[in-house]
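Right, one structure below, let's go through it.
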Amino acid sequence: QGKTGAWNNNVSTGATMEFLLLGFSELLRLRVLLFLVFLVIHLVTLAGNMMIFLAVVMEPSRPPMLLFLCQLSAIELCYTLVIVPKALLSLVAAEGSTISFLGCAAQMLLFVALGGAECFLLAAMSYDRYVAICQPLRYAALMSQGLCLRLALACALGASAVALALTVAVFRLPFCQPRRIDHFFCDVPAMLHVACTQSYGAELPLLAACVLLLLLPFLLILASYVCIATDLLRITSPAGRGKAFCTCISHLAITLLHYGCATFIYIRPKSSYSPARDKVVSLVYTNITPLMYPLIYSWRNKEIRGLLRKMLRRKKIDWFHYFSVKMTVEIG
């Protein structure tokens with residue numbers, strides 16, 4: 001009855017209830033510097049991921065890994081747009097920025113859904129690497145474009161379903177006055193810290209989401225790389241072994257970045273919550289990591305570098321043609 005009452009109270013006051021995101025209000029002297037740094041990182045992240053996304057979309061023939069990279073870039077674009085603008089706003093406001101009950105729920109839903117979709121997508125990409133290395137002759141047949149699109153859709157729908165269930169479970173809880181969130185966005189641990197409950201039952205939905213969104217994809221990734229390592233050990237040539245392993249380095253780097261931060265934040269009890277420490281890790285997770293993805297893939301992946309060069313040449317030719325026509329018209 002208490003939970004139902006809290007849910008009804010939250011719903012009935014959802015139109016007027018607000019939370020205060022404190023953000024980095026304790027760093028008043030560094031606000032301008034932090035704002036400029038975050039803004040530059042945000043713009044570079046958007047530009048990098050947008051370039052990869054457009055380069056892949058404009059390419060007529062797309063291998064499976066490029067399709068996955070296209071979806072990864074789209075996720076990172078949405079990811080930063082969900083989190084960073086509100087974080088920048090909290091730096092502008094000296095005492096933090098307010099966010100409505102429904103706005104906070106929507107932000108959490110999108111954040112968890114996008115993060116979960118990325119976990120599932122990393123598992124799909126590890127399967128792609130497994131097929132490419134362990135079954136190269138059947139690669140074209142197994143990794144068809146139709147399968148890649150179905151995997152991408154399954155990643156999005158599965159993560160959205162878990163995110164919706166987790167968001168509803170969190171926002172059923174009663175929230176203590178004053179509703180001050182010592183964070184720069186509505187993250188799950190920060191919301192549980194504000195909730196007026198000491199019961200471990202409130203953490204069970206987060207635990208279930210971690211199992212589905214973190215542990216399950218991680219086990220699939222681990223299984224893929226165990227098979228890859230077993231197959232690589234059979235290769236007698238060191239050069240061939242090194243060449244095969246190099247195709248996995250980018251994926252491994254991104255997986256370690258993603259899972260390292262996510263595990264630190266979400267797989268631990270509520271009692272160990274530390275706002276200052278969580279904000280630093282979340283800062284890396286939501287700003288630095290999305291910036292690193294296009295850098296890692298454009299540095300290690302020859303196909304991505306080729307696509308980016310082709311796109312830039314095409315844009316250069318288009319601009320040259322535009323100015324040529326414009327000058328001809330003006331002279332005429």
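Keep in mind that glycine also has a Cβ here, set from the backbone N, Cα and C atoms.
Remember, TrEMBL labels are computer predictions, not curated facts.
Under the heading domain 'G-protein coupled receptors family 1 profile', TrEMBL lists 48-297.
Taken from TrEMBL, the feature transmembrane segment applies to 32-58 (among others). Same-chain neighbours of the transmembrane segment (32-58): 24, 66-67, 69-70, 73-74, 76-77, 80-81, 84, 87-88, 91-92, 287-288, 290-291, 293-295, 297-298, 304, 307-308, 310-311, 314, counting only residues six or more beyond its ends whose CB sits under 8 Å from a CB of the stretch.
Among the features that TrEMBL reports, transmembrane segment is placed at 65-85 (among others). Remote same-chain partners of the transmembrane segment (65-85), defined as residues 6 or more beyond its termini with a Cβ less than 8 Å from a stretch Cβ, comprise 38, 42, 45-46, 49-50, 52-53, 56-57, 59, 107, 110-111, 114-115, 117-118, 121, 124-125, 128, 132, 145, 148-149, 152, 155, 184-185, 286-287, 290, 293-294, 297, 301, 303-304, 307.
Per TrEMBL, transmembrane segment is recorded for 105-127 (among others).
What TrEMBL records for 147-171 (among others) is transmembrane segment.
Among residues of the same chain six or more beyond the transmembrane segment (206-233), those with a C-beta under 8 A of the stretch's C-beta atoms are 112, 115-116, 119-120, 122-123, 126-127, 129-130, 133-134, 158-159, 162-163, 165-166, 170, 188-189, 192, 241, 244-245, 248, 252, 255, 259, 262-263, 266-267. Residues or ranges marked as transmembrane segment in TrEMBL: 206-233 (among others).
The annotation transmembrane segment is assigned in TrEMBL to 245-268 (among others).
What TrEMBL lists as transmembrane segment is 280-299 (among others).
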Residue numbers, six or more beyond the limits of the transmembrane segment (245-268), whose CB comes under 8 Å of its CB atoms: 115, 118-119, 122, 125-126, 129, 132-133, 187-189, 206, 210, 214, 218, 221, 225, 228, 232, 278, 281-282, 284-285, 289, 292-293, 296-297, 300-301
Folded-back contacts onto the transmembrane segment (105-127), same chain, C-beta under 8 angstroms, at least six residues removed: 65, 68, 71-72, 75-76, 78-79, 82-83, 86, 99, 148, 151-152, 154-156, 158-160, 162-164, 166-167, 170-171, 185-188, 191, 209, 212-214, 217-218, 220-221, 224-225, 251, 254-255, 258-259, 262
